[in-house]
C-alpha cells in the first residue's frame, strides 16, 4: 500500500487540525510534504519540526500578491498527490486554481472557491485531469450519496443545518447577541468567521450556492432543514421515491479522510452510531424570516452571474466588522443585502474578473458598515 504525499494549506486552522489528526493516526498512509499557514508562526514551526518539514509557508505578514506567489512556489515544489485547501474565505480561490493545474486531488474545504468561481474550477480540473473532492461534511455526504446512487437518480438534495447557537432565539433576542455568544457553536469547533456564519445561517446559504454550482443541480432541487444533532449530514431523494441519508458522528476528520484516500475506500476510523441506545433524530424547517441570509443564499444561487461573489464578499466584510464590534449581529444581514442591491449581472470569465467583483462588493459593504457605525 503506497503512502500518499499530502500538502495542507491552512494548517494552523480548524481544517488543518483535523488533517493533522489523520496524519498522526495513519503515518503508514500519509506523508506531509508541504504546508501553509497564515498566522501562529511559532505553532507552525513546531509542526514543521514534528513532521520533518524544512519550513511551513506563512502568508500572514506579507502582501496578498506575495502570499499568492509563496503558495504557488510551495505547490510547484512538493509533488503532492493530494492537497487539502483549508484556507479561509475568498483568499482560498487562488490556491484551488493552482492546485488544479496539477493532476493531484484537491480535497476542498474552502467552499468559497466554488461559490466564487465554480466554472473556473471545473474547467481547470477538466484541462489537467485533476479531481475535486469536497470536504464540507454536507457536500462530502452528497458526493458519496450521488456516487452510490447515480446523479440521474437524484430528484432532490437536502442539506442539514444545526441551526447554530441561536436556533430558538426570538428576533428580539437576536438583536442583543454578542460576539462571545456567536462564537459558541453547539456542535462544531471552528474558527471565528465560520462560527459567526453558522450563527447567522450564512454558512448554510454558502453551502446552498456551493451545492448548486459544484453538483450542477437547479436551486429548486435543493432544500435545507434544521437538524440540531448534526448526525445526518445530507439526504438525497430519488425519482423513485426513496430517500437516502449519510449519518455519522459530527467530526470533520471523517469527510477529510474520505477525500485524502479517494477513490480508495477509507479504513475504519469512527465508532459507528449505536441505534440501540435510544438515538433520536429531529428535523424542523429553518426560520428564514429571522435568519434572512439563508433566503438570500437561495436567491443568489438562482441569480448566479456575479451575485454569489458579491454575497460572499459582503458577508465576509460584515462578519469582520461584527467581530471588531463595529456593527451588531443583525447588521450582518443588512450589510450583505445592501451590497446585493448593486448590479452584479456581469459574468466573470477569469480569476482577475472574479477578484475585481470581489473588491467592488467589499467596497460596497464597507460603505454600508461605515454608515451603520455613524448611526449607532
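Placed from the backbone N, Cα and C atoms, the Cβ positions cover glycine too.
Per Swiss-Prot, the features are:
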- 12, 13, 14, 15, 39, 40, 110, 112, 191: NADPH binding site (BINDING)
- 111, 137, 138, 162, 185, 198, 203, 204, 207: 1-deoxy-D-xylulose 5-phosphate binding site (BINDING)
- 136, 138, 207: Mn(2+) binding site (BINDING)
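In this structure, the CA atom of residue 138 (1-deoxy-D-xylulose 5-phosphate binding site) is 13 Å away from the CA atom of residue 110 (NADPH binding site).
Of all the binding-site residues listed (39, 111, 185), 111 sits in the most crowded Cβ setting, with the most other Cβ atoms within 10 Å.
DSSP gives residue 138 (1-deoxy-D-xylulose 5-phosphate binding site) a helix state. Fewest Cβ neighbours within 10 Å among the binding-site residues 12, 14, 110, 203: that distinction goes to 14.
In the structure as shown, the Cβ atom of residue 207 (1-deoxy-D-xylulose 5-phosphate binding site) sits within 10 Å of 30 other Cβ atoms.
For residue 191 (NADPH binding site), applying a Cβ distance below 8 Å and a minimum sequence separation of six or more within one chain yields 13, 14, 88.
If you measure from the Cα atom of residue 207 (1-deoxy-D-xylulose 5-phosphate binding site) to that of residue 39 (NADPH binding site), you get 26 Å.
Checking Cα-Cα distances from residue 111 (1-deoxy-D-xylulose 5-phosphate binding site) against the binding-site residues (12, 39, 136) with a 10 Å cut-off leaves 136, in sequence order.
The closest partner of residue 110 (NADPH binding site) among the binding-site residues, by CA position, is 136; the full candidate set was 136, 185, 203. Note: the CA-CA distance between residue 185 (1-deoxy-D-xylulose 5-phosphate binding site) and residue 12 (NADPH binding site) rounds to 20 Å. In this record, 1-deoxy-D-xylulose 5-phosphate is bound by 111, 137, 138, 162, 185, 198, 203, 204, 207; the longest C-alpha to C-alpha distance in that set is 19 Å. Less than 8 angstroms from the CB of residue 136 (Mn(2+) binding site) sit 109, 111, 207, 210, 255, each of them six or more residues away in the same chain. Site extent for NADPH: among the recorded binding residues 12, 13, 14, 15, 39, 40, 110, 112, 191, the largest C-alpha separation is 23 Å.
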